[in-house]
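This report refers to the structure that appears directly beneath it.
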Amino acid sequence: MPNKWNLDVTIPYKGLKETIGSCSFPPIGAILLSSPHAPPVFPAAAYVMAEISYSSPSAGDLTSYSATAPRPVKIIQLQHPTTSTTSTPPSSSFLGRWRGKMKRMTWVEWIELFLPCYRWIRTYKWREYLQPDLMSGITVGVMLVPQSMSYAKLAGLHPIYGLYSGFVPIFVYAVFGSSRQLAIGPVALTSLLVSNVLGSIVDSSEALYTELAILLALMAWMAYSIHQPFCDFWFTTASAIVIALSQAKYFLGYEIERSSKIIPLAKSIILGADKFLWQPFIMGSIILAIILTMKHLGKSRKSLRFLRASGPLTAVVLGTTFAKVYHPSSISLVGEIPQGLPKFSVPKEFGYVQSLIPTTVLITGVAILESVGIAKALAAKNGYELDSNQELSLGPLSNKGSGPVIWSGVANIVGSFLSVYPTTGSFSRSAVNHESGAKTGLSGIVMGIIMGCALQFLTPLFEYIPQCALAAIVISAVIGLVDYDEATFLWRVDKRDFLLWTITCTVTLFLGIEIGVLVGVGVSLAFVIHESANPHIAILGRLPGTTVYRNIQQYPEAYTYNGIVIVRIDAPIYFANISYIKDRLREYEIESDGSTRRGPEVTRVHFVIIEMAPTTYIDSSAVQALKDLHQEYKSRNIQIAISNPNRDVLLTLTRSGVVDLIGREWYFVRVHDAVQVCLQHVQRLNESPRTRSSLLENKASLFQRVLRQRQEEVSLSQLESGNREIDTSHLEPLLSKKA
């Protein structure tokens with residue numbers, strides 16, 4: 001390769017034009033200017049006049065500080081919205097989406113909207129679905145008959161109202177409900193709530209008690225249409241214990257105090273021990289053992305699955321046969337049950353509405369807890385979407401997954417005119433329905449037919465059912481609610497949730513269901529408020545070999561830069577958490593994060609980069625706090641840079657004047673863009689004024705300046721990668737040293 005070429009090239013460089021004659025250059029120059037196999041072509045666009053793509057205004061500012069003109073960094077231009085821009089485009093608003101969805105809906109979707117059963121009717125596969133639907137409907141229907149009578153007794157009602165409640169709502173939900181396996185009817189928790197609240201108002205033997213229970217069915221589900229409350233009450237374990245103790249009177253043979261607290265129940269059981277009767281205790285224990293054994297065998301072996309559903313029926317048949325044959329006087333029986341279907345009647349006693357409001361909220365919450373959870377799980381297992389069009393039917397009050405509760409509410413409203421007390425989806429019966437192979441809502445219709453047949457033809461036989469047999473059915477059902485596995489899971493996964501579970505369970509046992517629910521909701525809200533007021537804030541570092549910045553605690557290999565702090569706020573910023581965020585930012589400014597640091601050695605923080613990608617919202621209090629923080633940083637010569645704010649957040653900052661206050665050039669699309677800009681400013685802290693002035697006066701040749709330009713590009717590249725340390729013996733501060 002020749003050592004010298006004759007060049008006659010005119011190149012603009014900082015407003016100057018010079019002609020290069022023949023020149024020699026070291027190997028680095030050869031690499032810079034040319035290939036070894038061809039005459040050199042000077043890459044002016046790439047090196048002399050550094051190309052800037054999507055530059056922000058800050059890029060131009062960077063070159064004005066140094067006579068050596070460091071390479072302007074390549075950053076993506078952040079698009080600033082105008083203050084006249086609306087915060088939410090009309091097309092993305094709820095009303096716009098609602099109108100758009102209505103226009104796109106076909107006539108089939110309109111039918112499915114108001115008649116959800118049409119979804120499975122029009123796609124019904126008769127050969128594939130009919131047999132499993134019939135078998136599952138019969139199985140659960142046989143299970144529902146004795147259970148409904150048992151739960152009615154738990155609610156303090158005559159067993160006939162349990163049969164009514166298992167008959168009417170299940171037909172309504174089969175037609176209008178969106179879940180194809182959810183089994184609607186009386187359940188233990190709602191029955192306990194009905195008994196607990198109505199028992200404090202009127203004696204269960206009076207007709208008013210029944211009227212209020214029916215009114216409660218109407219009220220509870222109208223309340224849902226107004227407000228969807230917090231539903232995860234964490235009190236099922238305590239309620240299961242209370243329910244089991246309340247049924248002890250049918251095993252022991254004597255009356256005990258009606259209460260939802262464990263101490264009065266236990267005290268009443270102990271004080272009445274002298275009235276103990278062994279006959280109902282032996283009979284109830286045997287029936288309970290049979291039911292539990294059949295349930296266990298049905299769960300453990302698929303070939304014996306039918307045993308799980310037939311357990312309650314077996315208990316009723318055995319108990320009724322024994323009572324019919326031997327007529328034991330010491331064992332109380334159900335007694336006469338009216339024959340025939342329920343008659344239409346309007347709920348009465350509206351004067352008690354105010355006193356029933358708290359219970360309506362509780363019952364609605366239990367419905368959400370039971371119905372939504374099991375319906376979503378069953379929909380996922382059976383491969384269909386749950387309640388896809390409910391958003392249109394109930395507007396902003398509905399959401400996906402709320403359909404099971406909405407339509408079980410409709411079932412209760414209709415049922416309240418046919419002597420039904422509050423019902424909801426049942427965990428146990430829905431599980432049996434799914435395990436029995438139910439494919440569509442036809443299984444629910446079959447259940448309703450069985451209940452109708454029982455009301456019309458079998459009620460004379462129910463007269464001889466022992467009360468202890470019904471109590472055994474209730475106890476066997478609530479035993480599954482005492483979930484030890486859930487407690488151990490919470491302890492292993494989240495100690496805070498375990499603490500919530502423990503507090504709610506304990507308070508419910510000793511102070512009652514209402515107080516237990518209130519305490520559970522209160523503690524849950526306290527946890528939510530604490531999390532919201534103390535959001536997660538991460539210090540970000542650069543992953544080696546990438547331009548990706550991640551939490552240094554999660555990625556210990558990530559490194560940070562001296563003089564620059566990068567933080568990510570993983571929450572909306574509003575009045576409740578802005579003080580915490582400001583305190584943490586001050587801490588990060590002072591305390592070392594313990595990560596590997598690279599870049600120029602500086603003595604303090606000069607830049608704070610705030611990554612706002614996870615920040616979905618910022619309110620006026622936070623805006624004012626950002627202004628105060630900017631002024632506080634400015635007094636200490638610290639510059640704030642904002643990275644990747646979303647459209648709404650950036651619009652709020654623009655309208656409030658924060659963008660102009662901080663400077664539009666300090667808003668970036670990427671964290672890496674902000675780091676590059678800040679890093680060049682930090683690098684200039686290592687340049688001496690004397691050095692810069694001598695460079696300005698030096699009449700070096702253009703080629704020498706080009707080589708210096710290239711060396712500084714390499715230097716900056718090394719600086720960004722953290723592989724270069726700069727001598728800091730003489731520093732020129734970027735910001736004036738006022739503080």
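Placed from the backbone N, Cα and C atoms, the Cβ positions cover glycine too.
Unlike curated entries, TrEMBL annotations are predicted automatically.
Between the stretches 43-62, 103-122, 183-202, 663-682, TrEMBL puts its transmembrane segment entry on 183-202. Cross-referencing 158-176, 557-575 with TrEMBL places the feature transmembrane segment at 158-176. Taking pairs at least six residues apart, the transmembrane segment (441-458) and the transmembrane segment (158-176) share three or more Cβ pairs below 8 Å and count as touching. For the domain 'STAS' (554-678), residue counts in helix, strand and coil come to 54 helix, 26 strand, 45 coil, using DSSP.
When Cβ-Cβ distances below 8 Å are used as the criterion, the transmembrane segment (183-202) is approached by residues 140, 144, 147-148, 151-152, 154-157, 162, 165-166, 169-170, 173, 177, 208-209, 212-213, 216, 236, 239-240, 242-243, 246, 258, 260, 352, 355-356, 358-359, 362-363, 366-367, 370, 408, 411, 421-427, 429-430, 432-433, 444, 447, 474, 477-478, 481, 512-514 of the same chain, each at least six residues removed from its ends. Averaged across the domain 'STAS' (554-678), the predicted model reaches a pLDDT of 90. When the stretches 158-176, 464-482, 498-529 are ranked by Cβ pairs under 8 Å to the transmembrane segment (276-294), first place goes to 464-482.
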